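Asker: Pasting in a structure now, in structure tokens, and then I'll have a few things to ask.
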Amino acid sequence: MAAGTLYTYPENWRAFKALIAAQYSGAQVRVLSAPPHFHFGQTNRTPEFLRKFPAGKVPAFEGDDGFCVFESNAIAYYVSNEELRGSTPEAAAQVVQWVSFADSDIVPPASTWVFPTLGIMHHNKQATENAKEEVRRILGLLDAYLKTRTFLVGERVTLADITVVCTLLWLYKQVLEPSFRQAFPNTNRWFLTCINQPQFRAVLGEVKLCEKMAQFDAKKFAETQPKKDTPRKEKGSREEKQKPQAERKEEKKAAAPAPEEEMDECEQALAAEPKAKDPFAHLPKSTFVLDEFKRKYSNEDTLSVALPYFWEHFDKDGWSLWYSEYRFPEELTQTFMSCNLITGMFQRLDKLRKNAFASVILFGTNNSSSISGVWVFRGQELAFPLSPDWQVDYESYTWRKLDPGSEETQTLVREYFSWEGAFQHVGKAFNQGKIFK
């Protein structure tokens, strides 16, 4: 039976996974989450900690036997028993399936929606609306799956349930008000069943579900940001005023910078994340302003204004055009589910919006449909390999680079951007389209 120490910061939902698993398996897990034993942002940056956990991330687990492991899913797996991991190869595969689904499909939109309401991330209206729709899709998917099931895998709680519940936790506590969640009775029933298990309650306590959807509070956001002490301006003495300007500048340079206020654990967790590098920073500047085209596309007529603007200003050296097709049309069944594939991909590519535009269309009807689209990317190569966050979906599509000067490209851009035309290359009728902008 596993025994050891879990390093984390207080109320870390990722750490909850291992702690709940330990409640089921009987693993002896001690938690160090506060000074003087563990100070997040300091202890996890010491040479001693980094020798054991090179990434410097928490949660991190150190066994009494010296075994060390980081990443919350790996820790939860280690402290689990066979029943939680899946007692057959098939059950184990399904557990991994749902654990992976939680990380890839639930975490991104949940963070985008919830973090601004906690004052730890700035609010972006469009991103939040996209996140809401993605959460709605996820809850619907779970609701359909759980219609005839008590738990996600088998008839008992597994790591699948523990992981997905913990990933949904802040959604249910912060933003899923009754009017939003009432459409998903099976998901709600399963969530409540899990959090009321003694093993869950021992870690989570009593979970109070959201009564009114929390909103972004600009004042709260400003208050949670690190501030610098700014000394009050005082009238200088006569002697001070008489000092040469150069001397006064030197004194200001020598003055120690104002110390920052100490951040709370949540802010420290975010601050500890490595600063994201711009994947397109290596590209030369371009004359084509994508945001201006997007404004034209959103507010003006597509055929008479937006498209002429696009071709007049498109920089073929700084940008590229691509045609994509979904590789597995035989797997597409209900059109609403096919549409969810597109929406899910767009959500996971949220940080690419500044450097991309696309029109992706669903053609056909239930059990006879296809998905294809035209994309605009910064640079001359596909953008997806530039960031691991963007690589979840793109391999499910074929990609063909288009020649901006060809008649075929002109036709494809016109038809896909306007959602009008013969679409002769498809062989199916237009059903609906979605714009990535």
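From the backbone N, Cα and C atoms, a Cβ is placed for every residue, glycine too.
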Asker: For which of Lys17, Lys147, Lys173, Lys208 does Swiss-Prot record the feature N6-acetyllysine?
Answerer: Lys147
Asker: Pick from Lys220, Lys253, Lys294, Lys316: which does Swiss-Prot describe as SUMO1 cross-link?
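Answerer: Comparing Lys220, Lys253, Lys294, Lys316 with the record, Swiss-Prot tags Lys253 as SUMO1 cross-link.
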Asker: Restricting attention to the domain 'GST C-terminal' (88-216), give the mean pLDDT.
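Answerer: The average pLDDT of the model in the domain 'GST C-terminal' (88-216) works out to 92.
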Asker: With Lys401 (N6-acetyllysine) as the reference Cα, tell me which of the modified residues Ala2, Lys147, Lys212, Lys434 is the closest one.
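Answerer: Result for Lys401 (N6-acetyllysine): the nearest of the modified residues is Lys434.
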Asker: Cα of Lys212 (N6-acetyllysine) to Cα of Ala2 (N-acetylalanine): how many Å, rounded?
Answerer: 41
Asker: Quick one: pull the CA-CA distance for Lys434 (N6-acetyllysine) versus Ala2 (N-acetylalanine), whole Å only.
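Answerer: Distance between the two Cα atoms comes out at 49 Å.
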Asker: Mind giving me a neighbour count for Lys401 (N6-acetyllysine)? Other Cβ atoms within 10 Å of its Cβ, every protein chain shown.
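Answerer: The answer is 14.
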